Amino acid sequence: MATQNPPAKRIKREEYRRNVQAQQESTDGSVIKMPQKKFFRQRAHANPFSDHRLEYPISPAHMDWSSHYPAFVDPDASKTNLSGGCKLTKEVEVVDIGCGFGGLMVGLAPLMPDTLMVGMEIRISVLEYLSSRIHALRSQQQRLKNRAANPSSTEPQDASAQPESTDSTPAPVPANDDEIGTEKLFPGNFENITAIRSNTMKFLPNFFGHHQLSKIFICFPDPHFKARKHKARIISESLNSEYAFVLRPGGLLYTITDVEEYHHWVLRHFLHGEQPEGGATPAASSKDLFERVSEEELAADPCVRVMKYETEESKKVTRNKGNKYVAVFRRKADPEWPA
Amino acid sequence: MAGLQHPFHCLRYVNRQSAGQSDILIATAGRNLYSYNASSGQRLDVWPQPVDADAEDKSSDAAPADASESHGPPEKRRKLSSTSDEQKDAKPESKTKDSKKEASNSWTNIPLVTVAHGKYVVIMTSEDKCVRVLSLDNEGKLQQLSARTMPKKLSALTLTPDENNILSGDKFGDVYTFPLIPSGEYVKAQTPAKPYEPAATNLTVHTKRNLESLEQQMRQAALSKTNPAERVALNFEHQVIIGHVSLLTDLISVTRPADSTVGKRNYILTADRDEHIRVSRGVPQAHVIEQFCFGHTSFVSSLCVPSFQPKVLISGGGDNYLLVWDWLENQILQKVQLPGAEGETTVRGIWDVSLAPTADNADPVKAIFVALEGSSQLLYYTLESNNTITHQDTLQLSGNVLALTGIDSRGSILVAVDTLRESNSTSAWKSSSQPPLETFGLSSGRLAPVEDSMVIRINSEGTSSIPTPLEQKQQKELNDSMYNLGNLRKRDDPYDD
C-alpha cells in the first residue's frame, strides 16, 4: 500500500495549499473561499521539548502584532514597539493554547468583538489552515458589508443587514460554527482574532507581559497517556506558575478534556488536595495562586458553552458520545511577601 | 610532576577566620575533591581517599591494578550496576573510614561545588548524578555525610540564603530544594498501591490502531494487577519549586537588602537554554514569578549578582556580549561587547571579587571577571557607581581559564587553568602538564601575577595523574566533561514537524 513516489494525496494537498496561499495574496477582489480542513491535517502530537524552528519575539515589547490585527493598529504611526512595528490601540488579552483548527477562536470572536484574542498552535499545517480561515472570514464579512452598503449591487441582499450598524444587526447569540462561513454578518468581523505558531510551554512569556491576559483557554490538550510522557503535559505545577505570571488577578484559566484521568490531573495540579485532619499544611506551590470557579458561575459563562460545543474537538467528542470534563480556575492575587 | 595531570575544575576559597579557624581552599580535579591550607598550601585531605591507603598519587605505576584504575579516567558508566555494588560490599577496606569507601569508578569528575557555613562542602559527582554533602573539620579533613541521587544531571548547585537548604537546577529544567542535613529518616508519602489502569478509554480513542493498543493495555493491566510497577521516586525529603521547559543552565540565590519601601527579600534567578532569565521569589514562594529578563538571543550560561551590588545582574552565554541588568525591572543597563564573532563566543563564567584596598586606593575594587569557553584570556572589569562595568584589562594566562575564586583578604584572585589542552583549544592536548593554578594581585592599580607560597606548593604537588597514552575516546570524554557549553547552541536543524 505504500508507494515509492510521493503519494497522490500529498501532491494534491500541496497544490491545494499553494492555491489558497495565492488566493490570499491576490488583491483582485475575487471571493476567497473557506479552506478545507482535509488538506491541512497533521498528526496530533508535537514534541514540546525540541527546538523546531520557531519564531518568537525577544520580549513582549518586541512583539509586532500589527499584521495580525490590522483593524486595531494605532493610527498614530509614531508609536512603535521595540522592534519598530506599529502599536495597537489595545493589548491582546485572551489566549487559546493549542488552538488547533481554531473553532474556539472563531466561536468567541463575535462574543467579545472588542477583545483581542490569539490562538497558539505548534503544528504548522494546522496553523496554516486557521490563518487561511481567519483571512477568508474577514474578507467574506467585508464583502457582505460592502454589498449591504451598496444597494445597487445586482445580488439580492438581506434586508435586515444595515450598513452602519453591524454591531447590532447580527443576533447576539454566539456564532454557531455551522453558520460561520455562511452569508451572515457577525460583530467584529473576525478582526479581533489571529493565530500564531508557537510552543507556549517554552515561549509564552516572550509574547505576554506580567498580568496582561484576562483569559487562557486550554481545550482538549494532548493527553500524553503514557506516564513517561507526563512531563510533556501542558498542565503542570511549574507551567501553572507561568500561566499565573501572564494572567491578571481575577483572570480565568479554562480547561476542558474528554479524558477523565487528565481531568483529575488538572484538578490535582491546580488545587491542594483534601488534607487529612490535623495533618501538615500543604507545601507552598503554584496551587496557592488559583481557585476553582463554581458550577453556577460556569453555567452563566458563554465562553464555557463555546468551549464545550463549538470547538472541533468537542464536536468530535460529541459525535463519539464521549464525556467532557470542564474545570475553570481564577487567578488569585499574589501572596504577601514573607515578613 | 611529570606526565599529564587533571586540571582543577572548581575552586572555592573558604573564609573561616571569623570562626577562629584557618582559611581553606577547596578544589576539585578529576574525580577528587581536595582541601588545602590556604596559607601554606599544604594538602589537608583528598576525597575519596585512594582505594589503596598506602599508595600515593605519584606512584601510579607501582600501585595495584584496581588503584590505578581509580586514578585514571575510568570508563564512563552512567549507571551503577548492582554487581559492582555487591563487590564493593563484599570486600570492605578495613583500614579506611566507612564514608570513604566509594565505588571507585562511579564518576569521573566533580563539576559543581559549594560550601555551607564554612564547614560543609556540597558537591555533585557527575555520572552518578549524586549530591554529596561532606563535613569539613578544623583540620580540613573531609568526610561524607550524605549522598542523594538526583533524577537528572545537575547544571547548577547553590544554597538558600540561610545556607540550610540546597538548591539544585537540572538538565530537565527543574529546580529542587532539599535540606543540607537530612532530618532523620525520610518516610515516603504513602500512596496506596493503585493497580495500573490505562488512562485512555474507548470514549477517548477511536481509530482502529489506537483501539487495538488500548485492548493490549487492558490485557496488560489485568496481568500486572498483582504486581504494580513501582514508581520511581526520590528517596529523600525534597521539593520541586521551579520548572523551565528547557535545559536549566544556571541558578543563583540573591538577597536584596531592605530599602526605604520594602524589607529584605530573597529571590532565585534561573537561566535556561531558551534565552530566558527568570526572577522568582525565594523559598517558600518560589512559585511566584516576579519578572523575566529578556535580551539574550542565544542560550544564557552564567549569572552573576555581585555581592557588593545586589541590584545588578551580569549575564552571559552564547551571545558575544554581556548584559548588565537592573534585574528586578527587566531593564538592560548596558550591553558589553565581547571579543570574538557571533555564534562562536561562549561565556564560561562570571565572577565578582571585592579586591581588598591597597596603599593607593582606599575602597576595595569592585572587580568582575569573565572567562570565555576555551580561552586563555581573562577579562577584567570593574563595576562603576552608575551600575555599568568598565573593561580594565585582559589578562593572559598559560592555559584556558576554567575556574576562579577571589581571596579577599590578600586582594588577589586564584585562577585554575587547563593543564591538559593547548591554549585556546578545547581538544588539542599538550605533551606535558603545566601548573594548574595562577594568581594575580593588585599592584599600583593593575592586576599582575603575584608570588604566593600557597600556590607554589599546590602547583608543585599537582593533582592526580592521567595515565598515558590515552585512547582517543577517553580523551574526547575528558574534553566533553570540561567543555560542554557549545552543545547548548541551537543548530539550524532542517527537520521540523
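A Cβ is built for glycine as well, from the same backbone N, Cα and C atoms used for every other residue.
Any TrEMBL annotation is an automated prediction that lacks curation.
Features of the protein shown, as given by TrEMBL:
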- A:1-28: region 'Disordered' (REGION)
- A:GLY98, A:GLU121, A:ILE122, A:ASN199, A:THR200, A:CYS219, A:THR311, A:GLU312, A:GLU313: S-adenosyl-L-methionine binding site (BINDING)
- A:141-169: compositional bias 'Polar residues' (COMPBIAS)
- A:141-182: region 'Disordered' (REGION)
- A:ASP222: active site (ACT_SITE)
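Note on proximity: of the binding-site residues A:GLY98, A:ILE122, A:THR200, the one nearest the residue listed as 'active site' is A:GLY98, by Cα distance. Each of the recorded positions A:ASP222, A:GLU313 was assessed for Cβ neighbours inside 10 Å, and the highest tally belongs to A:GLU313. A:GLY98 (S-adenosyl-L-methionine binding site) is surrounded by 22 other CB atoms, counting those within 10 A of its CB over all protein chains shown. Classification of A:GLU313 (S-adenosyl-L-methionine binding site) by DSSP places it within a helix.
With A:GLY98, A:GLU121, A:ILE122, A:ASN199, A:THR200, A:CYS219, A:THR311, A:GLU312, A:GLU313 listed as the residues that bind S-adenosyl-L-methionine, the site has a largest C-alpha separation of 21 Å. In the three-state DSSP classification, A:THR200 (S-adenosyl-L-methionine binding site) falls within a helix.
Ranking the binding-site residues A:ILE122, A:THR200 by the number of CB atoms within 10 A of their own CB puts A:THR200 at the top. Of all the Cβ atoms in the protein chains shown, 27 others lie within 10 Å of the Cβ of A:THR311 (S-adenosyl-L-methionine binding site).
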